[in-house]
């Protein structure tokens, strides 16, 4: 049994002690018993701490460890006696087993448990003595305060960690002793524990710092954290203290160890949660402290907060509340803002943030929070009048006082009920209330019907009733309607939201057409015809008014009466105007232009147009708006404004300043000018003559039975001509906008000096200007610098600037080395040395001076002219001059230093250099010195420095003496030719010393570190012969340095001291993506045997070598050697993860902000505290240790917070997922990192299961265990809407500061860019228009562009948008929104207005952009800045890209339906509205229109071909092949293949790379088939955008962010693209074949090719792009495997639970799931009718039909089709249903087949049916069958009732099999040729990976990583 017990203990230990990273790994997570406390017990952190201490002292004293374990067990038993929590029973069992084993291992005798307290005390004393506790703190503080710890950072860190661990263990021991003494009498306790011992324990406990805190240790006095010593923090803390005017609190609620403050009072009154109060206390203190720091520093021992700081925070935080009160209108809770005083303002600030901090999902309802605040503040006013504090009635219940339960939970419950009714996004938006509906209820005084406390019987709180089949109840009494807007799913929203644009375009088209039909003459007749625009306008406005009424259906009962009155009044008004103007126009036409009707018509039109124009100007132009504001009190003005636009809480004041208005007005005038010129001359005018001719044609011969074309002037023929042209007219404005915005953006970028430094050569050339630019832009210029500038001390100024630039530059270089972008040698060459006291020059980095000395030497040796000419030749290269001067001064300084104690030697050096100076003065250097022998001197100096740079030894001492003597000999015998007569005594003294052997015999070895560095640098200058022109070699390092140095010359706000900058947070949402690649993931092979690690080594070969060198390995070492060492293995994981799209990469990048702030703060403090004179010599380059400076760390923590919201981290940790361990590891490596997550606690209470949700914030503690900082209970599951915004919302309460940067988890950052963050933050206070910025747009660099050709396409496309595109959107168009990350938000503005995104299910699926919409509607301002950049990863495989684009297109489809887009479209002025439209939903609509143009053109051609009209017209008049159609097709084709998308890309390349590189990049893209990719993407966007608006179904697609090196199976591609691309591509192919077969082309094949090439290109791209861009897509073995997999998938019938990836039937059902509504079924039916034109037209073209055009022919074709369907049924008859009739069935099938074959042969033989007719019938029946199938599946329920579903499914399978074979056959043919696969690999991947892949395949067969 003992062995069994031992095995059990090992088993338990193995389960509990999970060594995830191996022994000794850096940042190892917590292990042992303490690592596995169940979440239901984790609220008692004491158990965790006790077990951790037990683990630690196990080896030291097992008995004490046993006591601690027993105590932990008793605590667990008390918390959960029945072991009902998850994992509690297993935990107790394991812990009890460990205790038993400890008891079993004791050394004989029984255990006297009564002595446990004594044992603990004895051990406590021993432990204190062993660890020398009294000395620990003294040693650490001495080391910190000495200022020399920077040289030994490791020792300081070890001392800090050791102190924390020791005191944490002592506290646990003390707490256990205290708790054990409670079980005995007080008298016994006093006897056991002395007073001295108690005092020691209390003192030690105070030193632990284990009271969790976030940034400011308010409840945990800290030794090392100096934040609380900052004057602004002290002032902020004291300002919140309990003041005399507050009612008295009960004694039992006064906190222990801290003074009572306002938040304690509010907590007692309203029942806020304890951790919410703690969280918001720190939040408010930091806001106040940062506001104070911007106003100025405070002095004195008890600093007081400025009134101005309080007022700033108050106005900022409650600005939305004050606007809400003004809008309703309603008086705020305060009567007079100033009379309340500072304390009242602080009380309101605290109250608002406490409400906000606990509001959970209600934070998405900002005006609801205003309502809650309004009532609670009024309650507070009542309570403040009393002497004693009383709980508020609104939060009081039988169970106590709880704000969450009484105020938030009722609201949450009704929102959750509505959210549950959206059926996971499948229900119509109009059937349930989303967040916006709830919030907008509080935009009217009607909301006060809800009362206070809540009147829960109000209809607002009614929860919807769900019917069966998930249909919402229509009972009005059970469901509260939508509020003010209904998101009906219809394309009409595009017209409804942007009706002004469509009216304008249609009227312009009408006007241009009238002018064109009048041959361009603007005469009286033309003008009269142009007056027909009047009826057009009013009719379209009438249509708009009808849509207003229809779109509000579902919100009539809940909308404001004024809104309903407005739409009804507008409807009546436009009905009246339509009738009046229509009547006058008709009468004017009847009576002529001289009639009274015509004059009345002109008058009405003129007056109406003038009024509309005037009103638009007055309301949209800033200057006019200001003039109109005083007139608002006039009723008639208010009436007109009310009629003109909606009046909601948001969207008011949507105008810009006059100068901005003029800028974007001129922009659009240019675009519209180009657009209308193109439309008139190339689209409309060429069609006039053909139209006039066709209209006059009579008796056209039709080859089919014509129904509609008689007596209508050939309307269908004219329509087929005009329809594609009209489509191009609607979308070509997008093309003109794209081109002109690209040109304008190019000019803006050039103005902003982008791309001036675009090469390493430019970095070299301009380097000496960088320090000055850096000082002016990124650093604070001290007073001494200003004095230098004023006194023109340019030399000293340059040295001064270089001294302050050096530490920043060097830190940048060191970070590049740590990231493995540069080698050690490159780092040494790039470092900028500190200023030397020995040399009166700036010492530039060696990469600038390398080889310059040798070039100068060669010039001097060969030069024969004068000294001035020689020096002039050297000075042509500045860096050559600097190298020569530095060598001169360095040599003198070094020689003088080493000869300090050799008097004669010093005399010789002084004499030589004096002679040189004298010779230079006399300009006689070439006479006095033999420069041709200069190489000899350099060689001797090089030998000397080579010796002196080593450590001193006797041998080296002799060598140095010998080198000096050699130098003396060379100088005297080969170089020196000066007259020595003037200093004969000196020379004699030197000669005597040399004769006696004393000269140079006593050298002083360089000991001073600065001198040693000078020796090494001089040696490098004299030995590096290779040019460093290509340093650094790594392209990424070059790009970063080029961008950073270029940004130094760009316009940006001046930097302020770190203490005065705006505080900010970085916020990253995370779900379950890759945190850190594991070794298994890196070594996992794909089908080709390629591992991720192999892939990375080939993609980044230089970085791999640098990594190996950094960790001390040989650069040619195999990676398998690294697996032996845990530290190397961990470093390998990080190296790989930093090259992927991982959370680790993002966190490393964002933590650079903190590092930059610490460096800036550290150097500023030294700068202002130290003497400038000293600094100019030290150069501040010695910055080692800045990261451990307490002041620098504290300053950075005040200004910067990083929160990663890992939604399911608690669940991952509980399930022991590797992601949880990796997140914990990242927290340990980054002390300022905070992780927020949703903790789900399940339990049983009173026999009922319950689930509670908490928002928690944790950080890492010294033991590697999570330390919980805050835990705020939520009213329920926070995920009611879209996951990402809900994840952000729950954690936003833990962010800090006035700004917040939203960062996705696939982003990166760079240290050099982090240095510019404080400049960027100052943009919030810069002039960017009428309003201060609320979102700062930031440039992105897409770092995944090198992965593959597809990745480069995506990267280039994305880069052009985030740079050039957004540049124009921000200026001049003023419509830049928030397109994702990494924009910087005005945090207070947004958290008080609904947050940084919207979260309603499906409608807000593109959640990010709604932040921009919301900000703009609420009078915000979005800007864009390009002097700073953040890295961004993008999807790199075609499937990933397609899923991403599908998500974005679907999101845009949902945006079309949204109220935000509607309001922006309505409330922007006309030109800004056009900017908004064409850069958001309009772009996708134009994309869809591009594809529709192809369809319209081809169906038009098919009509002309099949009807025979085209041939007839062409015979009569050659008018069909015209300029307009060619222009339309060319424009469509150029848009289709991405040429217009490429224009911004090319101009961006030219701007930032140069013209030549831009041309090369563009040609390379074309050779890599980028046009195929762009055409394919066109289809993706069209499909998802259109389907989303028609049917819905937009959803988030998890694209995956890995490296795409695997082959995608044929079946997987088919599933993904079948309906979006393949079906549509085959339809285009069919149309082209019909046009080829039956169309009439006068020009023959050439004409056909020119007309159809764009369509063929699109069809083939859609069909074959997925396989063209598929790795190993044309490898024969893969093709064979793909075919087998595809057929298995196609034929597998599936069943319940089978996924679409496994079975065709399951996939087919999933593909039909989006057709759910009656409206959707009708639309699908209508769209499917187009397929029947093929059969109708082709059957009349058969030889068998002859010239018969009767309907009999068409009817007979349907009989044939029916026969074919019956035959299909016979051949596909279910085998299972005919088990007993196998033979008969086969006989019937055989006979049927033979009869069909024989009948076909007979028909061909004896009738006019030909073989060509047979193929024509196939061409006719295939689309007809597909049309029938499409209609049938749209009405699936009816088909099932008719028992036809199985037959339809068989037919659908046949179609999919046919489509698949059509695509597969060409692929298989190409797969026969090996060179195709090789070409494809080179096409897809970069050269290094392609070569590595091919070599590995050759060497290792089919497994290139066999050794891995």
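Every residue, even glycine, has its Cβ placed from backbone N, Cα and C.
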From 1622-1640, 1679-1697, 1698-1716, 1888-1906, the residue range that TrEMBL assigns the feature transmembrane segment: 1622-1640
Residues in the domain '1,3-beta-glucan synthase component FKS1-like' (343-455) grouped by DSSP into helix, strand and remaining coil: 81 helix, 5 strand, 27 coil
Of 568-586, 1476-1498, 1622-1640, 1751-1771, 1812-1833, whichever stretch has the most CB pairs under 8 A to the transmembrane segment (721-748): 1476-1498
Cβ contacts the transmembrane segment (1751-1771)/the transmembrane segment (1622-1640), at least three under 8 Å, sequence gap 6 or more: no
For the domain '1,3-beta-glucan synthase component FKS1-like' (343-455), the mean pLDDT of the predicted model: 92
Same-chain residues at least 6 beyond the ends of the transmembrane segment (568-586) whose Cβ lies under 8 Å from its Cβ atoms: 531-532, 534-535, 538-539, 541-542, 544-546, 548-549, 597, 600-601, 604-605, 608, 643
Sequence-remote partners of the transmembrane segment (1812-1833) [C-beta within less than 8 Å, at least six residues beyond its ends]: 1623, 1627, 1630, 1633-1634, 1637, 1712, 1715, 1724-1725, 1727-1732, 1734-1735, 1737-1739, 1741-1744, 1757, 1760-1761, 1764, 1800, 1804, 1839, 1844, 1848, 1851-1852, 1855
